[in-house]
Amino acid sequence: MTTKTELSPTARESKNAQDMQVDEVLIPRKVPSLCSARYGIALVLHLCNFTTIAQNVIMNITMVAMVNSTSPQSQFNGSSEGLPLDSFGDLSKAPKSLSAKCSVIGGQFAIWEKWGPPHERSRLCSIALSGMLLGCFSAILIGGFISETLGWPFVFYIFGGVGCVCCLLWFIVIYDDPISYPWISTSEKEYIISSLKQQVRSSQQPLPIKAVLRSLPIWSICLGCFSHQWLVSTMIVYIPTYISSVYHVNIRDNGLLSALPFIVAWVIGIVGGYLADFLLTKNFRLITVRKIATILGNLPASALIVSLPYLNSSYITATALLTLSCALSTLCQSGIYINVLDIAPRHSSFLMGASRGFSSMAPVIVPTVSGFLLSQDPEFGWRNVFFLLFAVNLSGLIFYLIFGEADVQDWAKERKLTRL
């Protein structure tokens, strides 16, 4: 016969205190985001992306001035004055080099694997990736001005100096994980670690190449990124040319108009990350949030571009649609571009670089195909270019909506090796 023993008030209070401690471990406590270590790292990555892309853009801006000033037929000068304005049309080729260089951002995803709580990854990645847009805006807006006033070498001195500062910040601020970070608060460290407890983690293991190649979610990300880069390349390279040929206004001659889409996209990209995380707090499924962000970043932008030939209005309306399309397209930062962190966090760095490399084929193909369509049919060539853009964009989006996932894949989980 057993008897039930009564706990004394002191013992009961002690047990309740232990239960509360267990609950605090299981339920991550919310810590302030401002002035926190993880958002400081996001800001450093933002500045690094800013510098990386800005240096690529200024290469295109200053190329004409460099050739002119070093030409044997001309005296040395650091100005681009006197050059045909059409020469700056080479700036439209910037997306080719930008897309090729963007694969370096794959290494950043190894940081968010250990630093990004699942319900904050959208905003953290958006803050970091939006640095590329701010870099384009700054380089386009002031790069030409610096080249004409101070000389083209000062463009490299200024942006190169910013790059050195970012490099120094990287070595000082960036650490592998919160455990080894010396300036993180105890509450934030516990919050990040407890938030990532449910995430599958393991020691270094080789990438299962065959499983990756057979993974439809991976191919959906690659094809979705490819179709989105097709949209971005057409939007940046050919929409200004379209506005120039139809409305006889070259918006590249106006630095503010050229840079305006990027600063608006910078704002929308960061806001989109916060909205995605907000939806997660409202019990939306992770894959639902990723697909919503991808849809909003593809369909409205491509639909606005397709409508351009049917709008017989001023170039201001066309420029406004270009700006809106560019801004909406950045919502994909919270969708397809960070999906690899969801399905394969341990291999996210390599897979992000691979998907970016695959999508970088789009900026190479777009000028060839679009140029052919424009040369074959001068009257309806622009409509064909824009309809092809819509078809490619829609195809990649549909494939992602069907096969895209947000659960950690079996081949990305820890594999225990046994020896006989």
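For all residues, glycine too, the Cβ spot is worked out from N, Cα and C.
For reference, TrEMBL has these:
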type     : residues : note
TRANSMEM : 124-146  : transmembrane segment
TRANSMEM : 152-175  : transmembrane segment
TRANSMEM : 259-280  : transmembrane segment
TRANSMEM : 292-310  : transmembrane segment
TRANSMEM : 316-338  : transmembrane segment
TRANSMEM : 350-373  : transmembrane segment
TRANSMEM : 385-403  : transmembrane segment
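Between the transmembrane segment (124-146) and the transmembrane segment (259-280), three or more CB pairs separated by 6 or more residues in sequence fall under 8 Å, so the two stretches touch. Proximity of the transmembrane segment (292-310) to the transmembrane segment (152-175) is not established, fewer than 3 Cβ-Cβ distances being under 8 Å for residue pairs spaced 6 or more apart. Comparison of 152-175, 259-280, 350-373, 385-403 by number of C-beta pairs under 8 angstroms to the transmembrane segment (316-338) places 259-280 first. A Cβ distance under 8 Å defines the sequence-distant neighbours of the transmembrane segment (385-403), meaning residues of its chain 6+ beyond its ends; these are 216-217, 219-221, 223-228, 230-231, 234, 238, 291, 294-295, 298-299, 302-303, 305-306, 308-309, 336, 369-370, 373-374.
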